[in-house]
Amino acid sequence: MKKQRKILWRKGIHLAFSEKWNTGFGGFKKFYFHQHLCILKAKLGRPITRNRQLRHFQGGKKALQIQKTWVKDEPPCAKTKFSVDTPHASTLSSPVKRKDTKHFVSSSRTLLRLQAEKLLSSAKNSDHEYCREKNLLKTVTDFPSNSALGQANGHRPRTDPQASDFPMKFNGESQSPGESGAIVITLSNHKRKGFCYGCCRGPEHHRNGGPLIPKQFQLNRHRRIKLSPLMMYEKLSMIRFRYRILRSQHFRTKSKVCKLRKAQRSWVQKVTGDHQETLRENGEGGSGSPFPSPEPKDPSCRQQPYFPDMDSNAVVKGTNSHVPDGHTKGSPFLGKELSLDEAFPDQQNGSATHAWDQSSCASPKWECTELIHDIPLPEHHSNTMFVSETEKEIATLGQENRTSSLSDDGVKLSVSGADTSVSSVDGPVSQKAVHSENSYQMEEDGSLKQNILSSELLDHPYCKSPLEAPLVCSGLKLENQVGGGKDSQKASPVDDEQLSVCLSGFLDEVMKKYGSLVPLSEKEVLGRLKDVFNEDFSNRKPFINREITNYRARHQKCNFRIFYNKHMLDMDDLATLDGQNWLNDQVINMYGELIMDAVPDKVHFFNSFFHRQLVTKGYNGVKRWTKKVDLFKKSLLLIPIHLEVHWSLITVTLSNRIISFYDSQGIHFKFCVENIRKYLLTEAREKNRPEFLQGWQTAVTKCIPQQKNDSDCGVFVLQYCKCLALEQPFQFSQEDMPRVRKRIYKELCECRLMD
């Protein structure tokens, strides 16, 4: 352990001396404290005889100061070399020699110091040069200790700066009085990582004629920084924090994804880029070679395509050249991927004619194949065949007697009965031909960049992605693909006035029968109008809805009541069935009466106040409620339970003596079931039915439809009762509640159950 500490101690000393870790930051304020202590004691003139390590620092103090003042090699512009006397070198290096220190000053650095001194001594012949250099040296030495020059590179300020403490280099060392120049002072760090902090301007130009340019501040960012554990640097935590972020898996994954996205080009960029490369290859391949010549890297050296003006047809060998049948298989153009060359026009008398491959069909015909040698090429004629290829698919477009005229403004392609703009698979092409001295030159950077993404070209199928491209190869028409389309519907012979009168009469009938438009559905309105006019009015729903809204505004209040047996419902009771309202006791009780009357011999429906009366007053409070009814002759008893804000249902199956609990929220109130069981036992003793005094069981039904809101519990209870009474399965859910509400409204108004 002691040996390990000693090794770390020495590493810390070496790191503090070398200052590698200080590159790129400001002056370090806190570094190895022993070194700081030694230098401070040395400046104060106090002897340091603490221990062996401190003596080592005392001996290396001067070496550290000299090491901080190392300079770069002489710049290339320095022409003069000086000879050095050995006595001076020995005198300079003698103060540095100590017992426990190393020689940090080499002969080359001593030579540089002597060169600066000899430069000053040789300049005394010229008063102008001497004064200028003396003033410059004075300016450098008089810099304050906290200036940018003294603080640069992390050097600590010195107490007594002298001219000898600043290693300097001078560009333009020996000049005659008549010559002019500029002096560059270079203050360099150790290991020849020099930095030029300024240029002391003399005249405008150097004596050799070249302009004087100050050196730029350069920092090797790829240089690794090895940190010692004994180092106390105030920015170390920030370095570690940023390093952890950069090395995190999320950051690296995100950066990789961003690089991949940047590297991938969009489909339009690929199209335009491939076409620009094609234009360059076509322009350079005019020498008759089947393969395009390599493109120069310098864009200024690119040759523009040249079109010869000849009375005869100009045939250029390429992918679109005319090859007789039988020679296609031996074509040198077969490969994995071929580039599309623009069809060269046949030029006659200063005009060019673009024509397509003539075929028997009048409409454009697309033939898709996988290999190029499977496409039959027509014989050579005056027209030019247009061949387009994308990887393994080759399409041949033929059009009969279609020409395009080439003028000074551009190339216009007109095709009747087809798209007005025609482009190749590799991308849209916009050309501008300029006629000058029997030649046509194509401007690549001008019109191509301006019109390459025009609206007309982007509308073309080949400017869209492959997923959005129409199915042209299969010959399918895109017109009226979905159901013939509603756009082709004929104008309705029924005007708005007739429709409004018929609709108003139908709404009057609904209001008279139900007291409101709550049970009315859209399907019923459209069905009624179709029966009257024998026409579908689905396309006129906005007008119908507007008429219904106006009708409701005119008939807001209606004196409507329903009487059934001992029950009476007014509009306030029926309004609970509208929207998300809670059902009240009147609606529950009257609907239970309808269920009981639908199957009078099997089902008995208790009033919603029965359970509350039983809990508050006991059996004597409800004894008279079943005075005229023998409960034990029924098959099913339906008992609604209303607990403040929630509706539940208890059923009693007398055949097997089972008491069941139904709740649309999955709640089980055991005390309610126990109260009903005690009531049945008491009722059996009162009616002298000993067979029902024992064998009762309770059950909780869970696999039933559940509500998904807080307002439809009463509707679920009524639907449970109806399905159990009519022995129907539970085939409803929360989505059916609006329809169930309308149906219950109608059943209450018509005083009968509907299937």
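Just so you know, glycine gets a Cβ as well, placed from its N, Cα and C.
Record features (Swiss-Prot):
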REGION    269-329  region 'Disordered'
COMPBIAS  272-283  compositional bias 'Basic and acidic residues'
REGION    563-724  region 'Protease'
ACT_SITE  His646  active site
ACT_SITE  Asp663  active site
ACT_SITE  Cys713  active site
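Distance between Cα atoms for His646 (active site) and Cys713 (active site): 7 Å, as a whole number.
The number of other CB atoms found within 10 A of the CB of His646 (active site), across every protein chain shown, is 17.
Listed active-site residues: Asp663, Cys713; maximum Cβ neighbour count within 10 Å falls on Asp663.
Each residue contributes its Cα atom, and for Cys713 (active site) and Asp663 (active site) these two points are 8 Å apart. Under DSSP, Cys713 (active site) is assigned to a helix (H, G or I) in the three-state scheme.
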